[in-house]
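Enquirer: Pasting a structure here, questions to come.
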Amino acid sequence: MEIVFVSENENKITEAREILLPLGFQPIFCGVTCRETGLTFTENAVLKAQAAVGSVKDVPIMADDSGICVDALNGMPGVLSSRWSQDGRNIDLLLWQMRDVPDVHRTAHFVCSIACVMPNTEVRTVSSVWHGRILHVPDGTGGFGYDPVFLPDGYSVSAAGLGSDLKNRISHRYKALRLMSSLLKRTYSSCHA
């Protein structure tokens, strides 16, 4: 099944391709500039997907908004994750803010919300989380964003150290894309039954 995936983030595009192809989707990528003015990940994902509606017809349009929520920071950076620091040094700022937080209070989770605008303009949304902790120093060379400082529950290496094959089978983005793919497959199978 062909879908449009809206993103200007090359790392998200790579992950989405690696996740969606085995799920049976042929993603077409569309870069649309959209101000993220929503108060939630879901609101921002909907804004991004709707921004691409005029660009394509008769194909579901999917968009992602995701970020990290740190319990010791009252859920921040949250929807501000990609623009947490003014100079793009998001990890440095996060680690500085967490410098005195003991291990027991370094819990965090990634959130990924996926919005899909159907050809009939109906909007579907799903969200998923990936629980873990914030490390004291970056670890690993893979991934992107906050991956080097996120230690997923049940693992001994950061998300950046997992390798893309494993990360793309357990991450928040994988879980959300899997949920959306199931929803789309059910929708299309019932329409064509």
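Cβ atoms here come from the backbone N, Cα and C positions, even for glycine.
Computed from a predicted structure; not experimentally measured.
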Enquirer: Name the one residue among SER55, SER66 that Swiss-Prot lists for the same substrate site as SER7, GLU8, ASN9, GLU10, ASN11, LYS12, PHE144, GLY145, TYR146, ASP147, LYS167, HIS172, ARG173.
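Expert: Same substrate site in Swiss-Prot: SER66.
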Enquirer: Taking the Cβ of SER66 (substrate binding site) as the centre, how many other Cβ atoms fall within a 10 Å radius?
Expert: 25
Enquirer: Can you tell me how many other Cβ atoms are located within 10 Å of the Cβ belonging to GLY145 (substrate binding site)?
Expert: 20
Enquirer: Rounded to the nearest angstrom, how far is the Cα of ASP65 (Mg(2+) binding site) from the Cα of GLY145 (substrate binding site)?
Expert: 13
Enquirer: So which of the binding-site residues is most packed in, judged by how many other Cβ atoms lie within 10 Å of its Cβ, out of SER7, ASN9, ASN11?
Expert: SER7
Enquirer: Pop the Cα-Cα gap between SER7 (substrate binding site) and ASP65 (Mg(2+) binding site) into the table, whole Å please.
Expert: 9
